[in-house]
Amino acid sequence: MSWHPQYRSSKFRHVFGKPASKENCYDSVPITHSVQDNHFCAVNPHFIAVVTECTGGGAFLVIPLHQTGKLDPHYPKVCGHRGNVLDVKWNPFNDFEIASCSEDATIKIWDIPKQLLTKNLTAFRKELVGHARKVGLVEWHPTAANILFSSGYDYKVMVWNLDSKESVIMSPVKTINCHQDVILSMSFNTNGSLLATACKDRKIRVLDPRAGTVLQEANYKGHRANKVLFLGNLKKLLSTGTSRWNNRQMALWDQDDLSVPVTEVDLDGSSGVLFPFYDADTNMLYVVGKGDRNIHYYEISANKPHLNYLMEYHSYNPQKGIGVMPKRGLDVSSCEIFRFYKLITTKSLIEPVSMIVPRRSESYQEDIYPPTASAQPSLTAQEWLSGMNKEPVLMSLRPGAEPLSPQPLPSERTLSMPTAPTSPHLFNQTESLVAEDGRRPFSLLEEKAPRWAAEHRQEEKKTWLSDGFDIFECPPPKTENELLQMFYRQQDEIRRLRELVTQREVQAKQLELEIRNLRMNSPRL
């Protein structure tokens, strides 16, 4: 039996990476030299935060997004930690609030002023003190306001409620103490009811973040995970790490059964940590390697092989860290679906890279921009702590659109051809336009309207078929003969469509003449 390549239809097959011009990069940025395997960069629609080198303690820079070009060597820093800063994260519901963690075993919450910093910012709003050793990761809850998670080198995950009026919070609302080694990665599912962790003891765990109990645990010896990621509402986990032969590897897991991975994909023999990023709106997975010069991207599908390789973005400069712009900060006019900010230490440069879907039309592309998470929380901290779960508040990326009311996301989505959900209002609007389009040209010729409308519907129905085959439903050709047959069918279809266009033009001219005659005769009546 001969081998045939597997054809997949995907609107994201031709996505490409577009680096920013030199004028739109951030130059002369003193990026940290820390060996921690973190992103070291956090981005929102207003600011870029990047961990920097600082003597006598830890600090990070907060640069306005529009302030591109060369950075002033004396640019003000956000400093106040006694040890090196290891991680920074913007509050998803407040673009002017950021959390930082440090080797001094504390977490600090900062209010960033809307105007430009003129001097070093040393006054923090809150300080969280609870870890016994340095704190390596911080993560905001995706749906509840003012809930922050932290993990430290004391092998503990702590849950903090920032609604407290105290400026120094000494005790978390919950301490999760089930890990036997350092936590390397944390990830929430869409509504924040589950927390996944990757630990240095080679185990992946799925936890109940409120109860602190372990729901699932992976003891698979063939994959050593460094980073773990929930894949939206697909009930799947993706981890990146190394195989038993020390090759870099990705593994896909069922969140309800972590005994064996669903699939494994070996990449290469490099040693840099792989950072995965998942876009639930497009079902696309991006994999960025520390020290690499490229970005791999895949499309997640429900059918095997699940991870469908699309393309690879190449550049000349290796990245030490990476930042990602939230979807609400993208440029929809250029069909941008993802944006990275590469930290290039060899050139002290931050380079934006936009992932773009090539489209000819400049209008808003509804099919690649379904409703996405907004900057509004769906729960208060107390509601979440009491046991409530809600899906994120969604918003449309169409310019001028308002956030939608909180609504649950679909439990299962069609992965092979992701489409944007359409509101009933849009259907009603479309139906009214179609009805008007069918009546208006023939309002003066009522006796011809029924016959023409019936013919129009019948011919429009035929345009979907070619020689008895539905062009959009038939499978892709697998042999040369099938390909030729499909080509000839399409040629016939094009020829027939041209004839239909010619007929429509003749009908339009006839109608124009009849309307002109009626207008000329109307004064006499």
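Positions of Cβ are set from backbone N, Cα and C atoms, glycine also.
Summarising the annotation, Swiss-Prot assigns coiled coil to 485-524.
Counting residues of the repeat 'WD 1' (80-120) by DSSP class, helix then strand then coil, yields 0 helix, 24 strand, 17 coil. Per Swiss-Prot, repeat 'WD 1' is recorded for 80-120.
What Swiss-Prot lists as repeat 'WD 2' is 130-170. Among residues of the same chain six or more beyond the repeat 'WD 2' (130-170), those with a C-beta under 8 A of the stretch's C-beta atoms are 36, 38, 83, 86-93, 99-107, 109, 176-177, 179-183, 185-188, 190-192, 195, 197, 207, 209-210, 373, 377-385, 389-392.
For the repeat 'WD 3' (178-217), the number of residues in each DSSP class (helix H, G, I; strand E, B; coil) is 0 helix, 21 strand, 19 coil. Per Swiss-Prot, repeat 'WD 3' is recorded for 178-217.
Within its own chain, the repeat 'WD 4' (220-263) is flanked in space by residues 37, 184-190, 194, 196-198, 202, 204, 206, 269-278, 280, 283, 285, 287, 289, 300, 304-307, 409-411, 413, 415, which lie at least six positions past its ends and keep a Cβ under 8 Å from the stretch. The repeat 'WD 4' annotation in Swiss-Prot covers 220-263.
What Swiss-Prot lists as repeat 'WD 5' is 269-308. Listed by sequence, the residues of this chain that lie at least six past the ends of the repeat 'WD 5' (269-308) yet keep a Cβ under 8 A from its Cβ atoms are 8, 10, 12, 15, 17, 37, 39, 190, 226-227, 229-234, 236, 238-241, 246-248, 250, 252, 262-263, 314-322, 324, 327, 337-338, 340, 353, 355, 368-370, 372, 413-416, 418.
Sequence-remote contacts of a segment are chain residues at least 6 beyond its ends whose Cβ falls under 8 Å from one of its Cβ atoms, and for the repeat 'WD 1' (80-120) they are 32, 34, 36, 38-47, 49-51, 57-60, 62, 64, 67, 126-129, 131-140, 142, 145, 148, 150, 152, 160, 162, 326, 373, 375-377. In the predicted structure, the repeat 'WD 2' (130-170) carries a mean pLDDT of 96.
Taking H, G and I as helix, E and B as strand and the rest as coil, DSSP gives the repeat 'WD 5' (269-308) the counts 0 helix, 21 strand, 19 coil.
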